[in-house]
Each structure stands twice: as C-alpha cells, then as structure tokens.
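Taken from Swiss-Prot as is:
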DOMAIN    7-124  domain 'Response regulatory'
MOD_RES   ASP58  4-aspartylphosphate
DOMAIN    167-364  domain 'CheB-type methylesterase'
ACT_SITE  SER181  active site
ACT_SITE  HIS208  active site
ACT_SITE  ASP308  active site
Amino acid sequence: MLEMTIRALIVDDSALIRKLLSDILSQDPNLRIIGTAFNGKDGLEKIKKLRPDVVLLDNIMPVFDGLKTLAWIVKECPTPVVMISAFGERAEEITLTAFEYGAVDVIQRPEGILSQNMPDMAEEICRKTRAATKANLENLECMRNRELEETDINKREKIEKHRSRKETTSFVRNVLAIGASTGGPRALEKLIGSFPADIPAAVLIVQHMPAGFTASFSKRLDSKTALRVKEAEEGDIIEEGTVLIAPGNHHMEIVQKTVKGRKEEVAHLSCSPKELGSRPSVNALFRSIAPIYGSKIVSLVLTGMNCDGADGAEQVKKMGGKIIAEAQSSCVVYGMPKEVVRRKLADFVLPLDKMAEEIVKIIS
C-alpha cells in the first residue's frame, strides 16, 4: 500500500535555510514542499491558505516569532509543528518552551551543504517530519491544558519540594530505565515530576533529541522535580535519587568499574553507530543494564515513532525486570510502546498519569 504524500510548509527567515530544507525534504518521495514563508506572519497566511500536513517552524524570527506563531497554530489551525532550532542557550530554551506550547518535535538547523554530518542530518529531518504527521494532537492539547491549569500554589510547592531533596546514594535498590522519542519531553516532565522525593531508585533516560538540547532539557527538568536531574557524563556513578539523561548524539550504557577501590556502576558514553536511526538508543541502554541489575529494573517505553526499546525490553524481561508500555490513549505517537505490546513484552500498559503510582507500588 502506497503512503500518502505529506505536504510540508517551511517557515524560516533565512533564505538559505529554506532552500536547504526544501532540498532535503524533496529527496524523500513521501514528502512534498507546498510552500515556504519568510517570517511568522507570512507563515500564518500560508497555513490558512495551504492547510499543510506539517509545519517546520524556525524558533527565532522577526515580525512574529516562533512561539507566537506556534501558539496561533495550536489554537486556530491545529497542525503538527516541528521546530527548527540552532544551538545556543536562548534558542534551546525557546525550543523547550515550544514543547509546552504544543510542538511535536525539534530538528537541528542545518548549517550548510558542506557539513560532514549532512547525510545523517537529512535522514533525521525527513524521519521527524514524517513522524510528526502521526502525532495525536488531541493528546498534545490535553497535556498543554493541564500544564496551563497549574496554579501558583502548585508551582511554589514544586520549588519547596525541589529544595528539600534527599541525599543520593550509590547503593541502588531499583533502576527505572525510560525511553522516549516524539512527544517525550512533555511526557517526561509530567512523569518525573510525579515521582516522590524519596523514590528508592536510580533513573536513567534516553530521549531522542539533538546534541546540545539534552543539556538544556536536563536543567529544565531538574527545576521541576524533587530529584536531581543532569545530563550524563562519562563515569557518572549510578545513584538513587539521581536522574541521568543520555546526551544527544551519544549512546549511554551502564558498565561496572572500580572507583576508589570500590566496584560501582557508571555511565559510559559512546559515538558507536546509530541503532534504528537513533543515537542515543533506548535499546543500547536497556541491553547494558539487563545483566547488571536484572530483577531490580523497571523499564518504561513511552511515546515515540518506530520500535526503539523493544529489543532491549526483551533482554530486560529475560533477566527478570518489569516492562511498562505507555497506553495509546496518552501517547503523542503510538509507535515504540506499540511494538512492545505487540511482542507481548509489557507487564503493564498504562496511560501516563497512572505510571508513577504503579511504579511506586512495584519498587516499594
């Protein structure tokens, strides 16, 4: 069965970037560029007129910036939006805010046709553009509405909770290993923010995200939870009460190593080949922890396209760990958890808002 052609609109104030993205997307037989726009205001007019299947939207533009444009799209003309973002703290922060507004995913701004990474970047841009069209916009809107309903009292409680964190310990009773892709940033904010400060577990996360963005995402998540959240670095010791997020463009695996005369489990980062088009890979993390932690593991496979995580989940299950797959009812894209369910690997299939409670029951 032939796939329907996906109609894409590019909104970016740089003529060079519009041309590069047009050339990249045009190489995919399932994608067709129906128009380009040079700023947010121009983009809104073309969205109303052309009704694209997906919009690629620059986050920083004159006249009408990316966030204002995104807010209008979400409210007036719901369409999957993939943000185009450069590196830099301001650009990364705007992009993370865009996820709260309703963006589906983010792509790295292509730097030029001579870039050595252009083939990989082009493949990722096309893949994320295709995946965005499968997003459940109703679930995105429901998550957005819940976030906007949060009161100032709730926010103050989160800050106080954050200040009263418990001490971390390298004695690990349980490991929560989480994999997510499209729709993952908002899902992770909700899930990790629901964990109690004294949860008896170390938390390891692979979120498919470009290099550079995971550092900003880690800082943002750290400010919204009672747990310590950081982007993983080579040699980080696995500790209860700490959340390690795999850095973009690096696989994160857990290995055993002697540290100051004591055997510890630590993070090992590598740039070995991508798996299923992704680096970091959920499978790589799950495979590495299975023989080390065995029945101490609870692996969660959240929203995302394709099937990363299923092979690794099989290894975890063989070693006695538990598997939780996100239910279709709360997924932005029901791909990764769907494969886990299809292969009958899931011990639990739960909507996002029921996961934290079940996890606490399992590990207590």
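Along the chain as shown, residues are numbered 1 onward.
Backbone N, Cα and C atoms are what each Cβ position is placed from, and that goes for glycine too.
The two recorded residues, ASP308 (active site) and SER181 (active site), have Cα atoms 9 Å apart.
Cα of the residue listed as '4-aspartylphosphate' to Cα of SER181 (active site): a span of 20 Å. Helix, strand and coil content of the domain 'Response regulatory' (7-124), in residues and according to DSSP, is 54 helix, 26 strand, 38 coil.
On a Cα basis, SER181 (active site) lies 5 Å away from HIS208 (active site).
Residue density at ASP308 (active site): 28 other Cβ atoms are found within 10 A of its Cβ, drawing on all protein chains shown. Over the domain 'Response regulatory' (7-124) the predicted model carries a mean pLDDT of 92. Sequence-distant neighbours of SER181 (active site): residues of the same chain at least 6 apart with a C-beta under 8 Å from its C-beta are ALA131, GLN207, HIS208, SER278, THR303, GLY304, MET305, ASN306, ASP308, VAL333, GLY335, MET336.
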